[in-house]
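*Asks:* Dumping the structure here so I can ask a few things about it.
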Amino acid sequence: MKAAAITPGKKDSLRVIDVDRPRPGAGEVLVRMLEAGVCGTDEELNLGIIGEAPAGSDYLIIGHENLGVVEEAGKDVRAFRKGDLVVATVRRSCPGMCFACRTGQPDMCDSDDYLERGIKGMHGYMAEYYTERPENLIPVPQSLRKVAVLLEPLSIVEKGIEQAFKIQERMIWRPRRALVAGAGPIGLLAALILRDVGLEVSTFATRSRESLKARIAEAAGIEYFNVKETPIEQIAELQGPLDMIVEATGSSEIAFKAIGLTDSNGIVCLTGLSPEQRTHSVCTDCVNQDLVMHNKAVFGTVSSNRVHFERGIDRLTSIERRWPGLLERMFSRRVRLENVKEGLKGDKEDVKVLVEIGA
C-alpha cells in the first residue's frame, strides 16, 4: 500500500513509499483511510525538527488528523463492523503506565515516554490502511462525513476550553467575552466553540478582512481583526473586558500580552507551541503583580483523550446545525496522497489542507 513517510531528523525527507498492508489481529480493526488533515506538526516533521520512528524502523509514516472507514474487524471485535466511519485518537500511554495513563488520560502523561501516532514512536494515518484497537476508535455518524476529519484538532480545543471552565469553578463565573489569538484551524475551531457556548468572540490574524479566515469567522458572528492594522492592545480596548483569551499562534510574546489584556478574574488558555526559543524583554514583576492582584489564571494544554473526541462529535454536530456548511469551508485545498508534498507547501489562503486517500 501507499503511505506518506519521513526520515526523522532529516529535512525535506517526505515521500510516498510502498509498504505492506497491515493485517488486523483478533482484537484489532483494519481501517481504510479516506482523508487526512495537514497541520503545522506535519510541517515540523518534514523539517526534521520533531519526529521519532517506531522501534526497529528507519522511517515514520506521518498523519494524525484522520478519517477512515472500517474495512475489516477482527473476530473478537464487537463494537465495529465493515462500513463504519471512524476517527482514531492519537496519543498512547507510556510504557511505565503513569497514573494519568492508567486512568485513561495519556494526554496528561507524567513522563515524556508516551507514544503518538504519526509523530512519536508509532506510524500515523497518512496511508491507505492502518490497524487499531477498538478502544482507540471513535464512531462517527454519517451526518458528519464531510467534516469529521476536523475531530482531532477540535478535540484539543474542546479539552482546553473545558479545562478553562473547570478552573473557573474557583468562583461564580459568568463570562461574556473571549478573544482568540490566531485564526488558523485551532484558532477558528476555538472561536466556534466559544460562540457555540454563548460568548461574544473576536479573533485576529495577519490576513486581510477579505481573506477566507475572516469570512469564516464573520459568518459565525465572530469579529475578525487584521492585527497588522489593529494592534492586539487596541482590539482588547474595542472589545471591552475580556473574560478569556485562547492563545493559538505559538507566539510567546502574544502569550505574555494576553495575561495583561485579560480582565480581572479572567483566564488565559495557551495552546500554541513556541519551539524557536526566542527571547523577549518582559517586566516580570508587572506580570506577577497583575496575576496576583487581579486573580488571573493561566494554563497550557496539549493533546486530548477519548473523552474529548467523544464530546467533539457532539460539538461538530452542534456547529453544523447552527452554521450549516461553515466547517467545510475551512478545507481550502485538497491534494491526493501521491502529491502530499504539495499539501505542505503553504498558500496565503490556506486554512486547512486535506490529503485525499480513499473514496
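FYI, residue positions are counted from 1 along the chain as it appears here.
For all residues, glycine too, the Cβ spot is worked out from N, Cα and C.
Sharing the features that Swiss-Prot gives for it:
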BINDING   Cys39, His64, Glu65, Glu152  Zn(2+) binding site
BINDING   Thr41, Glu116, Glu152  substrate binding site
BINDING   Ala183, Gly184, Pro185, Ile186  NADP(+) binding site
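Tell me about the setting of these features in this model.
*Replies:* Taking the Cβ of Glu152 (Zn(2+) binding site) as reference, residues of its chain lying under 8 Å away and at least six apart in sequence are, in sequence order, Gly37, His64, Glu65, Asn66, Val87, Thr89, Val90, Ser304, Phe309.
Taking Cβ-Cβ distances under 8 Å and a sequence gap of 6 or more within the same chain, the neighbours of Glu116 (substrate binding site) are His64, Val90, Arg91, Arg92, Met122, Ser303.
Annotation note: Pro185 (NADP(+) binding site) sits in a helical segment as assigned by DSSP. Within 10 Å of the C-beta atom of Pro185 (NADP(+) binding site) sit 24 other C-beta atoms, taking all shown protein chains into account.
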*Asks:* How big is the gap, in Å, between the Cα of Ala183 (NADP(+) binding site) and that of Cys39 (Zn(2+) binding site), rounded to a whole number?
*Replies:* 13
*Asks:* Does DSSP put Glu152 (Zn(2+) binding site) in a helix, in a strand, or in coil?
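*Replies:* Glu152 (Zn(2+) binding site) sits in a helix per DSSP.
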*Asks:* Output the one of Cys39, Ala183, Ile186 that, of all these binding-site residues, has the highest number of other Cβ atoms within 10 Å of its Cβ.
*Replies:* Ala183
